[in-house]
Amino acid sequence: MFNYYLQKVVKGENLSLDEMEQAMEMIMEGKVTHSQLSGFLVALHMKGETVEEITASAKVMKEKATPISIESGELMDTCGTGGDAKGTFNISTAVAFILAAAGVVVAKHGNRSVSSKSGSADVLESLGINISLPPSSVERCLKEINIAFLFAQDFHKATKHAAVPRKELGIRTIFNVLGPLTNPANIKYQLMGIYDPKLVYPIAEVLNNLGVKRAMVVHGSEGIDEFSLSGKNKVAFLNEGKIEKLEISPEDLGLEKYSIQEIQGGSAEENKRIILNIFNGEMGPKRDVVVLNTAAGLYVANKVNSLEEGINFAQEIIDSGKAMKKLEEMVEFTNFLSLQAKTS
């Protein structure tokens, strides 16, 4: 049966929602050989994945994931695709702490490095946070401190069947966009950066199909998967089923323009220092890019009425020490939960 789907995409034909769901089920259940899967992923990539194909794949991946249940359905994620090969520091990870300090409940979905030397999991670990907590502890983090890290490899065990072909292929595949679309918690708000400008609007459509209420999907100037300070950012804003195309520049919001070189990161240890410096009051482009992305997150989460208001609020959270306090709280609480699990 899988060969039928393979032959269709090789011919450049699109799969229906049902067909893609069935194909993805077979992949996630390990019923497809590495050769078949490699051919399928390459053919999909060559023809271009459709909204239906991405939606179907994300639905299956979410169904196969270890679920997280929390009474509040107003959770937010700041997970981007990575894969932009620009080597920026962990901007969306820094943003998550500021959002949580502002009262947004953040279920930060993430993994080890994709395009940089440090993924969100790497830098959080470097900051002293316990990143491998069981679902019950993750739920406690969300309820008690407004922020939790959902380590993708712990929650998406079924993706192991695709790991070898993906690594051997070494190219972008549908799995590169699926990570941010498959948060195991019930996400209603999302700030999602993406490496490909052509995918900005389609991914907003996918998020709508998956039940997200409000989201911003952004492809930053100079190709980063975040809002950039270097020029116009291409944005799709999803608001209760309606999608609006926007272009947002830092100058429009009273921020200075900086090149991408000014927001470069490095190893997990270097990125840890950058985040701590920002939270300790260091000014400059690294702080500004975090503030800009946080403003977008606050706007998406209905905490402010405009991006300008979001910028002021984000700066207040940093300057008051609340962002640093939230980070310290997460370090303390995740390690307490880990110790509790070992002694019980």
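Each residue, glycine too, has its Cβ placed from N, Cα and C.
The annotation anthranilate 1 binding site is assigned in Swiss-Prot to Gly80, Asn111 on the grounds of sequence analysis. Listed in sequence order, Ser92, Pro180, Met192, Gly193, Ile194, Asp225, Glu226 are the same-chain residues six or more apart from Gly80 (anthranilate 1 binding site) with CB atoms under 8 A from its CB. According to its DSSP assignment, Gly80 (anthranilate 1 binding site) is coil.
A simple way to gauge crowding: the CB of Ser92 (5-phospho-alpha-D-ribose 1-diphosphate binding site) has 27 other CB atoms within 10 angstroms, across all the protein chains here. DSSP assigns Ser92 (5-phospho-alpha-D-ribose 1-diphosphate binding site) to a helix in the three-state reduction. According to Swiss-Prot, the feature 5-phospho-alpha-D-ribose 1-diphosphate binding site maps to Gly80, 83-84, Thr88, 90-93, 108-116, Ser120.
Summarising the annotation, Swiss-Prot assigns Mg(2+) 1 binding site to Ser92, Glu226. Glu226 (Mg(2+) 1 binding site) carries neither a helix nor a strand DSSP state and counts as coil.
Around the Cβ of Arg166 (anthranilate 2 binding site), 18 further Cβ atoms fall within 10 Å across all displayed protein chains. Per Swiss-Prot, anthranilate 2 binding site is recorded for Arg166, and the stated evidence type is sequence analysis.
Neighbour density for Asp225 (Mg(2+) 2 binding site): within 10 A of its CB lie 27 other CB atoms from the protein chains shown. What Swiss-Prot records for Asp225, Glu226 is Mg(2+) 2 binding site.
In this structure the C-alpha atoms belonging to Arg112 (5-phospho-alpha-D-ribose 1-diphosphate binding site) and Arg166 (anthranilate 2 binding site) are separated by 15 Å. It is 16 Å from the Cα atom of Thr88 (5-phospho-alpha-D-ribose 1-diphosphate binding site) to that of Asn111 (anthranilate 1 binding site). If you measure from the Cα atom of Asn111 (anthranilate 1 binding site) to that of Arg166 (anthranilate 2 binding site), you get 15 Å. Less than 8 angstroms from the CB of His109 (5-phospho-alpha-D-ribose 1-diphosphate binding site) sit Asp77, Cys79, Leu150, Ala152, Phe155, Gly179, Pro180, Thr182, Asn183, Pro184, Ala185, each of them six or more residues away in the same chain. Of all Cβ atoms in the shown protein chains, 19 besides its own fall within 10 Å of the Cβ of Asn111 (anthranilate 1 binding site).
All chains included, 16 other C-beta atoms sit within 10 angstroms of the C-beta of Arg112 (5-phospho-alpha-D-ribose 1-diphosphate binding site).
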